[in-house]
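K.L.:
Pasting a structure below so you can have a look.
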Amino acid sequence: MASPAPEEHATQGCPATEEQPPRPGVPGEEAGPEGAGPQVEEAAGRVAAALTWLLGEPVLWLGWRADELLSWKRPLRSLLTFLGANLLFWFLALTPWRVYHLISVMILGRVIMQIIKEMVLSRTRGAQLWRSLTESWEVINSKPDERARLSQCIAESWMNFSMFLQEMSLFKQQSPGKFCLLVCSVCTFFTILGSYIPGVILSYLLLLFAFLCPLFKCNDIGQKIYSKVKSILLKLDFGIGEYINQKKRERSEADKEKSHKDDSELDFSALCPKISLTVAAKELSVSDTDVSEVSWTDNGTFNLSEGYTPQTDTSDDLDRPSEEVFSRDLSDFPSLENGTGTNDEDELSLGLPTELKRKKQQLDSAHRPSKERQSAAGLSLPLKSDQALHLMSNLAGDVITAAMTAAIKDQLEGARQALTQVAPTAGEDTDTEEGDDFELLDQAELDQIESELGLTQDQGAEAQQSKKSSGFLSNLLGGH
């Protein structure tokens, strides 16, 4: 928007704000904190007036252009200017040329640019038009400028520097020793810094400071960055706190579930107690002599190792001692031959035929060696189940035969006693003679058989065995 400018401003050809007289400060504002704004404006006006008086219009124009570039009102131009300043700085730092050569080159370039400008912009074409516009009109930006101007930044920096100098003077007056120590330490620091860091780097840092400080100061970039970082930190803090609280809640819930599970396991263990495998194996072990080592196999069975074999009722170990005892006492029992030949006197006294007895004795003498060999083998070797059954059946037959013989003997004795009481004495003599005849005849036949077979010694042994067997049967059947 353009509007007619005042005549005094147009005739002088400078901004209106520069020629305005400084407004006198109010005492209340200077004393209070509210007077900081007017003081800055007054300082900015004074700085602008001093620059105008010292440098003139061209330099002042360059200052305003630098203000626009350094305030980053137009970011693209400011960025290009920043890159150009960096290139120029490193060119001056790395080139072997001297300073006056560079200054002459810069002046020559400025002259060439001015000549070109004069050739392009003819005074005859646009000078009058340009002068009329600048005299009658003034360009006014209707948009309020919220950004601080470079002059204001310079004024604020000057005020801060002046306040720092005043404070340092007061500190020097109050404690000169501390002030001297502070100045010496600062000078020593810069000396060490200059010895380690080249001056080129320090100059480049000053250039960066000149470009970036207005950017952060005038555009409030630092405040914006601080607000964003603060919001991020707050979100991060809130997120970390929420995460920690969530972990605490999960841990407390896990502890509660664990305690509840432990209580339930205790209840179950009280109802269903656990049985140890070793205790169960010891209880299941059958042997009473030595505890076997028990191991639990993969298929769920017990494995007995390095122990005695469990004893059962059907085991051969139980049968073996009984067989030994039975075979040891077997010689005391009468055999079939002994049972039939034990009561020779009784048979003779009863009047049995002697011829049958003679034939039986011959058969017994023929079969006795084989039976003795079998009995010796039975005593020396362990008996099998069928042999034991056969032996028991033979023993049962012998016992039955002996019992029947004893019963018949008792009956015959009773009948003989009755006959002896009734019969006369003469009859007894004749019977006695007939018995003697039979005995003499029997003895002669026996001697003949013994001479033929040569069994005199066997007969003596048989007589002794018959006596023993008769004594055993008499003892066994004495109660009948």
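Note: Cβ is positioned from N, Cα and C throughout, glycine not excepted.
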K.L.:
Of the residues THR17, THR312, THR340, THR430, which is given the phosphothreonine tag by Swiss-Prot?
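P.N.:
Candidates were THR17, THR312, THR340, THR430; Swiss-Prot attaches phosphothreonine to THR340.
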K.L.:
From the ranges 271-300, 451-480, pick the one that Swiss-Prot records as region 'Disordered'.
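P.N.:
In Swiss-Prot, the region 'Disordered' feature sits at 451-480.
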K.L.:
What range among 52-57, 136-141, 436-441 does Swiss-Prot describe as motif 'LIR motif'?
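P.N.:
Of 52-57, 136-141, 436-441, Swiss-Prot gives motif 'LIR motif' for 436-441.
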K.L.:
Other than its close neighbours in sequence, what residues sit by the transmembrane segment (192-212), given a CB gap under 8 Å and a spacing of at least six beyond its ends?
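P.N.:
70, 82, 85-86, 89, 93.
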K.L.:
Please spell out the DSSP helix, strand and coil residue counts for the topological domain 'Cytoplasmic' (94-98).
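P.N.:
Residue counts for the topological domain 'Cytoplasmic' (94-98) by secondary structure: 1 helix, 0 strand, 4 coil.
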